[in-house]
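Chemist: Would you mind keeping the following structure in view while I ask a few things?
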């Protein structure tokens, strides 16, 4: 692990010495927004909002709560930028990522690194002053887990990269909860478990669709190392496990019947799509399942939020 991280750190450091042509033009706002993976971060912030909303009301006020969510979003964006920096050479080899800002030299690595440091520092500071030290520390822990442990090591080291590294991306509901209460509790870990269980089938579906890309980039995603059919089986098994985990908020009285109805409906569809993918002799359904999984998680957390305030 140490050798892998050292190699990637050296690669990033060496890459900072880019030609002056790249830095002679200023990146656009859209370039920086693309580095932040805004759509991904928006979903993370949504899950953090739900964690905050389900926490006991500590009377902190909406503005302070908004600042806390903004801080979580900024640190998540900072991690996304680091991911772009570390993965730029891999991104250049893959169809899905070959037009990212660092690959097309719209942003230099130095500019990206400075940007990541600035928004990361701002996000951490917001969490310290608007939330509490525990939230700031836990969010920083999640950033390190995703940007360094997962991106620099796990992603390149094992086909279980998504399973192990998925914990960092599953943390926002817990972060939202502790930003309100300042304490760890059992309930938000249920929400973490949902995202943690959702992550493997979500990314494995994409990995099936982009199997050739990952193989070309020498990333040991499960379809590359164990084959497409085995990965389809794993997706199906995880979809069943996800369904069970999604019922936990209702079973422990974190939610009511509105959430239960939505969870049942969207998980039945998830399982149906996973079964269809497994039985298919092709991989055409993989992209469809990947896209649906994003809608699934979005609707699930919206249902949790709505159940809290409408029922």
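A Cβ is built for glycine as well, from the same backbone N, Cα and C atoms used for every other residue.
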Chemist: From 92-112, 134-154, which range did Swiss-Prot mark with transmembrane segment?
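Modeler: Checked against Swiss-Prot: transmembrane segment maps to 134-154.
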Chemist: Give me the stretch from 38-58, 113-133, 134-154, 230-250, 251-271 with the greatest number of Cβ pairs under 8 Å to the transmembrane segment (162-182).
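Modeler: If we count Cβ pairs closer than 8 Å to the transmembrane segment (162-182), 38-58 scores highest.
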Chemist: Check the transmembrane segment (38-58) against the transmembrane segment (134-154) for contact, please; criterion is three or more CB pairs under 8 Å, pairs 6 or more apart in sequence.
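Modeler: Contact between the transmembrane segment (134-154) and the transmembrane segment (38-58): absent, because fewer than 3 Cβ pairs are under 8 Å.
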Chemist: Sort out the residues at least 6 away from either end of the transmembrane segment (134-154), same chain, that have Cβ-Cβ distances under 8 Å to it, and list them.
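Modeler: That would be 1, 4-5, 8-9, 68, 71-72, 75-76, 78-79, 82-83, 86-87, 120, 123-124, 127-128, 160-161, 164-165, 167-169, 171-172, 174-175, 178-179, 182-184.
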